[in-house]
Amino acid sequence: MRKLTGFWRHVVTALSVMLVLFQLYTAGFGVFPDIVQRSVHLFFVLTMLFLLMPANKKKKTDTVPWYDVVLSMICMVCTGYMILIYEKILWDPSQWINSFDKICAVLLTILILEGSRRAVGLTFPIMAAFFLFYAAFGQIFPGLWAHKNFSFNQIFQNLYHTTNGIWGQMVGLSAGMLAMFGIFGAILSVTGGSQTFIRLAQKMTGKAVGGPGKVALIASGLFGMVSGSAMANVVATGTFTIPMMKDAGYSKEWSAAISAVGSTGGQIMPPIMGAGAFIMAQLIGLSYLTIAKAAIVPALLYYMGAFVALHYLSKRLKIFGEGCKEKIRVIEFAIIFVPLAVFIAFLAVGYTVTKAAFYATVVSVIVTVFSFAMATKNPAQTAKQAGGLCMKVAKSGAESILSMAGLLAGAQISIALISQTGFGVKLSSLIMSLGGNYLFLCLLLSMVVCFILGMGLPPTAAYVLAAAILAPALISLGLDPLVAHLFVFYFANFGAITPPVCAAVFLSSGIAESNWLKTGGLSVMIAIPAFVVPFTFAYNDALMLSGSLMDIVLGVITSAIGVYFIGLAIAGFMKREMSLIPRALMFVGGIAMIVPHMMVSLIGLALCIVAFVFCAGNKKQLKEA
């Protein structure tokens, strides 16, 4: 983003404050009609996006060029015009009101795609260009992919005049709960949440084996629960934990990989789970708490596998922690955990996610201002600090909203065209055809598509598209909608650590000055159990805390043991270096234990025990290991 000065900095600050106030007001006191709410949201977002994000990221300046001022003004006109005419188009969205209406439809579509290019890259403009061509010239495509051509009027009236197009569900989420969470996450970040989590992790690990690495994993997981963004997580925690790991003796690549894996896991760890979880709740019509409950065990298994691998790797390198000598004050805990407790409490008693986030944000401000008052004992100084806090939150929250809204608005255009042309249904049919109606093959194909989507998109955007084109195919094969969506949600998120395009790895490698390709390979190796678990809950939802108590207990225990042995095999060290054969036995046995079949799990357990005893050598070594 541009680092603006002078007049334009004041303009963007004013717009940021107005955007945040609008989102807070509508979250706390009720939203406007859908198109109006979303139009006002995009009015601010697109205007600020062109003021803050340069057309060429290599040419950042401290002022705004004339052409971006013009583009911002066009965005204001196109979105403002919709606020004026929305009542008219409600009666007949298939008719243009006038030629200016038609011009606004085309211009706004183009500007949203340009805005998404600046926010997240070329993926959405390229996809939208393809789907626009596909919609207009469907008859030239062969076989299954052919459809009748849609006219200019049909395409752009659907995009501009209906809530199936630009003003659709994704922009609705951006204008509601996701904007509120951008503000909520901003205040937790501005008040020093990442530092509190790092010190808390240091307290938890003490002087244990692999202390610095475990601090990075725990701190990333804790902060990721709140931030919901792997990239933000890497920057917030990795800036401190990666140098700490390098100083302790981890290689650059291992330091970066541990940070990337820990940060990515935060997106699948309740209570926040990133924007994707809230989108999922909206798409499948379940409460967010239901989704969070289903995600707990898989998320814990993810971190357990990484923790075990890290423990034995650290044992081999003889790396120990130093603990945390600095005392964590009660008020520092309160600033982070009281708002989270309020958020969960309001959800539990039936409030919407948006309303719960609103009250949690209000409580966060109150607790933070109280901490200022306790520290300064001076009302004037407290008021000054509170004002500074509000301005920082407005700036940080608005920037968070911009990035999210930019990608979701771009995704919304592609999703609208996918729906209009039936492309998603056709792709689902193709997947089922290639998979021969075999669930496992369809799951494998879906995993590959998620990775491909994840190469060019942030995890949330990858999930949005995967949910549109993959989840219906899995549901048609008999999967519960929650299981199908969680499956694609997990693999869409794992794209952040899966080469060749892995955003979390790129960031952590930049901080560690490591080879990103080696870092990506290590990240995947550490996270291998996470790639197995989604297949398990696709066949047995016991890991999602569904079914009988006995099934849940057995499923969790066998999976946990399996993950332990996979982590041990990855580290390749117990009392001494492990040879290839016992490592392979442990790895295969660990995967077998995660498979939801008792006989397969028992065979896996036998393989793991044989390998473990072989490596331990005798009871004394087994105990020491």
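Using the three backbone atoms N, Cα and C, a Cβ is placed for every residue, glycine included.
Marked as transmembrane segment by TrEMBL: 65-84 (among others).
Among the features that TrEMBL reports, transmembrane segment is placed at 96-113 (among others).
What TrEMBL lists as domain 'TRAP C4-dicarboxylate transport system permease DctM subunit' is 108-545.
Residues or ranges marked as transmembrane segment in TrEMBL: 120-146 (among others).
Remote same-chain partners of the transmembrane segment (166-190), defined as residues 6 or more beyond its termini with a Cβ less than 8 Å from a stretch Cβ, comprise 20, 23-24, 26-27, 31, 34-35, 37-42, 45, 82, 108-109, 112, 159-160, 226-228, 232, 236, 272, 275, 278-279, 282-283, 335-336, 339, 343, 352-354, 357-358, 360-361, 364-365, 368, 389, 392-393, 396-398, 400-401, 404-405, 408-409, 411-413, 415-416, 464. Residues or ranges marked as transmembrane segment in TrEMBL: 166-190 (among others).
The transmembrane segment annotation in TrEMBL covers 272-289 (among others).
Under the heading transmembrane segment, TrEMBL lists 295-313 (among others).
The transmembrane segment annotation in TrEMBL covers 333-351 (among others).
According to TrEMBL, the transmembrane segment annotation covers 357-376 (among others).
TrEMBL lists 397-418 (among others) with the feature transmembrane segment.
Here TrEMBL flags 460-479 (among others) as transmembrane segment. Residues 120, 123-124, 170, 274-276, 279-280, 283, 404, 407-408, 410-411, 414-415, 418-419, 423-425, 427-429, 431-432, 437, 439, 442-443, 446, 449-450, 453-454, 485, 487-489, 491-493, 495, 538 of the same chain lie 6+ residues outside the transmembrane segment (460-479) yet bring a C-beta within less than 8 angstroms of a C-beta in it.
Annotated transmembrane segment per TrEMBL: 519-540 (among others), in sequence order.
Beyond the ends of the transmembrane segment (552-573), by six or more residues, the same chain brings 297, 301, 304-313, 315-316, 525-526, 528-529, 532-533, 536, 540, 542-543, 545-546, 583-584, 586-587, 589-594, 596, 598, 601, 604-605, 608, 611-612 to within a C-beta distance below 8 angstroms of the stretch. Residues annotated as transmembrane segment in TrEMBL: 552-573 (among others).
Over the domain 'TRAP C4-dicarboxylate transport system permease DctM subunit' (108-545) the predicted model carries a mean pLDDT of 85.
Most Cβ pairs under 8 Å with the transmembrane segment (397-418) belong to 96-113, among the candidate stretches 96-113, 272-289, 333-351. Outside the transmembrane segment (272-289), and at least 6 residues removed from its termini, the chain residues within Cβ reach (under 8 Å) are 169-170, 173, 177-178, 181, 185, 225-229, 266, 295, 347-348, 353, 404, 459-460, 463-464, 467, 481-482, 485-486, 489, 492-493.
Take the transmembrane segment (65-84) and the stretches 96-113, 120-146, 295-313, 333-351, 357-376: counting Cβ pairs under 8 Å, 96-113 has the most. A Cβ distance under 8 Å defines the sequence-distant neighbours of the transmembrane segment (357-376), meaning residues of its chain 6+ beyond its ends; these are 24, 27-28, 177, 180-181, 183-184, 187-188, 191, 331, 334-335, 338-340, 342-343, 346, 351, 382, 385-386, 389-390.
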